[in-house]
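Q: First the structure, then my questions, so here it is.
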Amino acid sequence: LLLSQFDPDNTGYISTEKFRSLLQRHGSELDPHKLEVLLALADSNSEGRICYQDFVNLMSNKRSNSFRQAILQGNRRLCSKALLEETGLSLSQRLIRHVAYETLPREIDRKWYYDSYTCCPPPWFMITITIVAFFLYNGVVLDRFVLQVTHPLYLKNALLYHPQLRAQAWRYLTYIFMHAGIEHLGLNVVLQLLVGVPLEMVHGAARISFVYVAGVVAGSLAVSVADMTAPVVGSSGGVYALVSAHLANIVMNWSGMKCQFKLLRMAVALICMSFEFGRAVWLRFHPSAYPPCPHPSFMAHLGGVMVGITLGVIILRNYEQRLQDQTLWWIFLSIYVIFVLFAIFWNIFAYSLLDLKLPPPP
């Protein structure tokens, strides 16, 4: 009925004049943020007409690329107060607003997320990974808290990556559940919860789990290519992929990010990451306290960072957009697939061709 009234010729478009009259008539029935987006859509259109499907998408909480581009290319600045200035919010509403300002660079995206987020499903992926890592490490495997940075027991399980057991493909993933000490576990757990959970709340479990798992796989494969005699433990590959993607997104959208103390927080994150990476490098080349038990490699950190600043940045930058339509996404995804294939062939042939002294299996 609405389509036949405002688009009698069935062209798929509504004139901006009719669209404005519709908003004036029914504006009080809409969420204020959604009404603001609709007004921005009307004012940004220079052709005098609006795609009816864009209007339908908006009312059903969906946004197409053409709709988003119409908003971003508009000359009108949103005139109502920012989401940060709104008062009388409940604790859960303030939390959602805080997450929006921590992760999204545009006010229109922040308002969109604030209006549409329902906490269903909750950020289950990062919480589950953290809980499993903690209990597998401290309870099931070691049955104690290990305070030493290296302990011989951390190698004696079927989860970590070891060069002598590289044919067991699951180890390229499951090594994230083992750590070389409680301080190693603690730092990764903190970063996963402080960075990973808010990102998952905004971008969803599918996107964040992809970045995390891609960083994990890239980390173990990077070790198998560049540090062939070392084992790998810890979730640093996945954690560094998420953190580096988040930090790179902040840098690329510096003026739009309105999170409090963003410079200080970036500095703290970089210092923590640098400290943990420096510690991993020092341990790798330091004589082992339990020979022939080698220290774990640090190359997984670098593999995670490379995934974060390529695939991760694209995923975090394109909020509510289809990645299939992003050319840069396909380029970085192709590079990642090529690296994985290269590393697989490297693991099959290079170890037998090179004269390497591998550590004995645990």
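Here, residue 1 is simply the first one shown, and the rest follow in order.
Heads up, the Cβ atoms here are built off N, Cα and C, so glycines get one too.
As listed in TrEMBL for this protein:
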ACT_SITE  S236  active site, nucleophile
ACT_SITE  H301  active site
DOMAIN    1-29  domain 'EF-hand'
TRANSMEM  124-147  transmembrane segment
TRANSMEM  208-226  transmembrane segment
TRANSMEM  232-251  transmembrane segment
TRANSMEM  263-285  transmembrane segment
TRANSMEM  297-316  transmembrane segment
TRANSMEM  328-354  transmembrane segment
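Buried or exposed, and what's around them? Tell me for each listed feature.
A: Counting every protein chain shown, the Cβ of S236 (active site, nucleophile) has 31 other Cβ atoms within 10 Å.
Counted within 10 Å of its Cβ, the other Cβ atoms near H301 (active site) come to 25, all protein chains included.
Here the transmembrane segment (328-354) has long-range neighbours at 163, 166, 214, 217-218, 221-222, 224-225, 228, 307, 310-311, 314-315, 318, meaning same-chain residues at least 6 beyond its ends whose C-beta is under 8 angstroms from one of its own.
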